[in-house]
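Engineer: Copied straight from TrEMBL:
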BINDING   SER3, LEU4, GLU37, ARG60, GLU97, LYS220, LYS244  NAD(+) binding site
ACT_SITE  LYS39  active site, N6-AMP-lysine intermediate
BINDING   CYS354, CYS357, CYS378  Zn(2+) binding site
DOMAIN    653-726  domain 'BRCT'
Amino acid sequence: MLSLGNAFADEEVDEFVARVRRFLGLTADANLVFTAEPKIDGLSCSLRYERGQLVQAATRGDGFEGEDVTANVRTIAEIPSRLNGEDVPDIFEVRGEVYMGHGDFAALNERQREAGRPLFANPRNAAAGSLRQLDSRITASRPLRFFAYAWGAVSEDGREGAGLPADTQFGVIEAFARWGLPTNPLTVLCDSPAQMLAHYHRIGDGRAGLGYDIDGVVYKVNSLALQGELGFIARSPRWAIAHKFPAERAITQLERIEIQVGRTGALTPVAKLTPITVGGVVVSNASLHNEDYIRGIGGDGAAIRGAAGDTPIDIREGDWVTIQRAGDVIPQVVDVVLERRPRDAVPYVFPTVCPACGSHAVREEGESVRRCTGGLICPAQAVERIRHFVARDAFDIEGLGDENVQTLFEAGLLRTPADIFRLHRRGEEVRKAFLAQREERARQRELETGQARKKVLTEEERQFLGVDKLFASIDLRREVTLARFIYALGIRHVGEVTAKALARTYRTIEAVRAALEAASPGRPGEAWTRLLSVPSVGQVRAEALARATDEIDPAAEPAAALRDLFARAKLDARQRVAVRAAYGAEGEALAALDAARRQMPGEAFLALAGVPDVGEVAATSLCEFYVEAHNRALLDELLAEVTVTPADQPAVASGGAVAGKTVVFTGALEKMTRDGAKAMAERLGAKVAGSVSKKTDYVVAGADAGSKLAKARDLGVAVLTEDEWLALAGEA
């Protein structure tokens, strides 16, 4: 499915029309017609009809591959199971938007409230959650609706081709209506920017009375021939644009700032507001993004909300603030009403420890987010980290899917990875947790569908064999390779490639721990990373500058000492200016540079960072993980339950056609599994990457290859079929 470019001002619509005319070589007075239609704020959905019958439905996904929702779509009354018309192509893919009306949304939330279940935040979330239900009976009980507005694959006489019922956008939409598909009655034709803008403002003025959410108007060139001539920029068509409505704003008081810890350890500040209605929705929480946003500065250190004197305007508890809400986007604080600031309001101090587990919260150089280093012991991250731990590329434990991990966590049976291997000791509690899960699922089905649930019998309870299968799966994974063990820990910046590199280099878990023990005290500090970030200085001169501080006479006058330091480090004029600008006064600069010397990376850290495919970023993350005592205790606890097998030192081919090459596999392979393909490539001396870049040598594309294949073609990377790859590798 397509992604549209956006326009936010009327002038941008004029520019869009002018661009289209320039590309087509049309004069200003040449006839050029556009369609204008509301942009529905729902969930994109594609319907595939074959010989008029609905055979498949899918969500947008990533634009190339979506989620199959066929059974659920069949329950939506407005979507016909059969298209009626003599001009319906044999194969036709209809694209549109699944949405929920305001009245239906209010009624659904009332039922949720009566049943004691969480309320949906907005109609879009309700529509998305309803369409993605595992039980289509629940979807059937939800009042979903649909508007058709575009198409994808189309055939004529069974052949892929241009079997469209009309040669204009508007004509095809009219055919949709004839065939029985719901289309938006507010779709009109316009032959000038003035008409397009008039329709936009007319729809905007009547937006509140539509009965469903929209977030703009979409303009499309009406002629399909001209659409074909205009083509695309990446995945955005040149012939269409979305004219978004402006965000809605209101002023309220920020009562307090709370820190939420996300599933990946990110500390996110949230504004707790005096509730206020914005765009028909009561808002009591708003995003504050990160600590720099609270301080009032951007990534470059410049003020983002203006300044009071030389000080950027920050956000404080007790402030009156302007909040903004646009569509389904989380409301955000965009400004401070400075004249209403309470006299006792003080600058907010962002925490440096995790509020969930007490671990250090660190902010890496160049990042705006502060993250908890607690990892697997942090309760805010525990569920997501355990899901990662049991995933296919990690411990690969069958039967511990997302839902079961959540169930065991909520039952208090699963807190750390080591708990997985002790579940068999609490077998009866595990059974009760899963039975309660099944009972709750059945209860929800009954509430949603009105159909009586089947009672779980005592006999069935005794015969619940799924738990025994789970225990057997866990026992099969009590022995694991070193690379999988390292990857399973979920340490930031330590992916499969880095985990394999560590395993190849150190071979045993004992050696890895010894390396981290030695490297951790010498990990670089903030003063050192600050020096490295000074423009034009670079690694070599930074090291020289830091080391030279040990040779400077402490009794020397600061200005003379700094000049001597620059000379010893052989800094040129531009580098000297950059250092002075970064540190200010001579005395402050000398103190900061001396701190940088004391916080330079040690030899053991540099050895760890020097391992191929590790580097300083991953090495720092590894050390940050290891310095936490509770993480070392977690490793001890886990190693008491599992055996980590030493890494082999396989003979790697050095002279083959693929040795030293970087390869990416994408799509469905027929002759190899993905893991088998990676293992073969690495055995032959190739490096397997997960994403395509200019450094990629080959992309091996199987069936249904998507965005990686498209990027390879854009970058001019060699694309091979599976057979061509096997032939090149000498494995055919």
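If you go along the chain as it appears here, the first residue is 1 and each next one adds 1.
Quick reminder: no glycine exception, Cβ is built from N, Cα and C everywhere.
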Engineer: DSSP secondary structure for LYS244 (NAD(+) binding site), reduced to helix/strand/coil, please.
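Structural biologist: SS state of LYS244 (NAD(+) binding site) = strand.
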Engineer: Run through the Cβ atoms and count how many others sit within 10 Å of the one on SER3 (NAD(+) binding site).
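Structural biologist: By my count, 13.
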Engineer: Give me the sequence-ordered set of same-chain residues, not including CYS354, CYS357, CYS378, with a C-beta within 8 angstroms of the centroid of the Zn(2+) site's C-beta atoms.
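Structural biologist: Here the nearby residues are VAL261, GLY265, PRO355, ALA356, GLY358, SER359, CYS372, GLY374, ILE377, PRO379, ALA380, GLN381.
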Engineer: Cα within 10 Å of LYS244 (NAD(+) binding site) is the criterion; apply it to the recorded positions LYS39, CYS354, CYS378 and give the hits in sequence order.
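Structural biologist: For LYS244 (NAD(+) binding site), the recorded positions whose Cα atoms are within 10 Å come to LYS39.
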Engineer: Counting other CB atoms within 10 A of each CB, which of the recorded positions LYS39, LYS220, LYS244 comes out lowest?
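Structural biologist: Least crowded of the recorded positions LYS39, LYS220, LYS244, by Cβ count within 10 Å, is LYS244.
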Engineer: Can you name the residues of this chain that are 6 or more positions from CYS378 (Zn(2+) binding site) yet have a C-beta less than 8 Å from its C-beta?
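Structural biologist: Counting only residues 6 or more apart in sequence, the Cβ neighbours of CYS378 (Zn(2+) binding site) under 8 Å are VAL261, GLY265, CYS354, ALA356, CYS357, SER359, CYS372, ARG385.
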Engineer: When secondary structure is assigned with DSSP, how many helix, strand and coil residues does the domain 'BRCT' (653-726) contain?
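Structural biologist: Breakdown, helix to coil: 24 helix, 16 strand, 34 coil.
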Engineer: So which of the binding-site residues is most packed in, judged by how many other Cβ atoms lie within 10 Å of its Cβ, out of LEU4, CYS354?
Structural biologist: CYS354
Engineer: Can you tell me the CA-to-CA distance separating the residue listed as 'active site, N6-AMP-lysine intermediate' and LYS220 (NAD(+) binding site), as a whole number of Å?
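Structural biologist: Their Cα atoms are separated by 12 Å.
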Engineer: Taking DSSP three-state, what's GLU37 (NAD(+) binding site) in: helix, strand or coil?
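Structural biologist: In the DSSP reduction, GLU37 (NAD(+) binding site) maps to strand.
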Engineer: Using DSSP and collapsing to three states, where does LYS220 (NAD(+) binding site) fall: helix, strand or coil?
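Structural biologist: The residue in question, LYS220 (NAD(+) binding site), is strand (DSSP, three-state).
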Engineer: What does DSSP say about SER3 (NAD(+) binding site): helix, strand or coil?
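Structural biologist: Assignment for SER3 (NAD(+) binding site) reads coil.
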Engineer: Under DSSP, is CYS378 (Zn(2+) binding site) part of a helix or a strand, or is it coil?
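Structural biologist: Assignment for CYS378 (Zn(2+) binding site) reads coil.
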Engineer: Determine, from DSSP, whether CYS357 (Zn(2+) binding site) sits in helix, strand or coil.
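Structural biologist: Its secondary structure by DSSP: coil.
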